[in-house]
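Accompanying notes for the structure given below.
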Amino acid sequence: MEESDVEQDEERPLKSSDDDEDELSGLDIPEAKLPVLRSIGSERGEEAEKLAIREELSALTFEELQKLKEKIGSKKFNQTLIGVKKKPQVRTDFKRANPNRPREISSKSRRIEPKVAIQVPKVFRSDPRFDNLCGEFHEKKFYKNYDFVNKMKEDEVKKLKEELREETNPRRTEKIKYLIQRMENQIRSEKMRKLEEEKQEEEKQITIDALKEGKSPYFATKAARKERNLKEKFDSLKEEGRLNQYMAKKRKHNAQRDRRHMPSEDY
């Protein structure tokens, strides 16, 4: 043995029985009952020490055992009485028998491989309907500026009707009929919107004239407007000769509605 090793052994503090005596001091247990615990530094085997300690503890009362446990701690008391069980460390080999098989990785220490992030250039698309830079939406100005679209639709309907007369393919015929009906409904709804706008402007002008003359203005209620619109609709149907057809369709619809709410024979 070299001189440096001897010096290190001399400097290292040795475990003596004085430390154990200091740890067990203050107990009301006579020293004759715990000779093994007070002389742990003696050269003995672990199994012999365990048996001797168990024999000593078996002779103590419950009160003395409780005092000893509180003095040295429950963990150290259990380790002294039972001993420390060392679990064998089993190393798992995660090597693959075949390189084509998937890699087996432990779930406790999972290695996360860094992924290469590809920066894709972001494309910014602006919608003029929700963009403040495009200004605010004015309904009257919009319909006034795009009034030519309705005229284009009327011309398109005429062309489609001419094409329908010459078409022989049934699938193409159904498609043309659908387009004609759709565009006619759009034209009809636009005409109704214009008519309603003209009525509102007329009512507004009547109110302004009444205020200028010093009279109290008249504001029509929803019920009065509905009654007026219904009357105008009947008058227009009567002029076009479609009033009887409209009334027959209306009666059929009302009959189906009443039949739906009537109680069945099962009740």
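Keep in mind that glycine also has a Cβ here, set from the backbone N, Cα and C atoms.
TrEMBL does not curate its annotations; it predicts them automatically.
It is 241-267, from the ranges 160-186, 241-267, that TrEMBL records as region 'Disordered'. For the coiled coil (180-240), the mean pLDDT of the prediction comes to 88.
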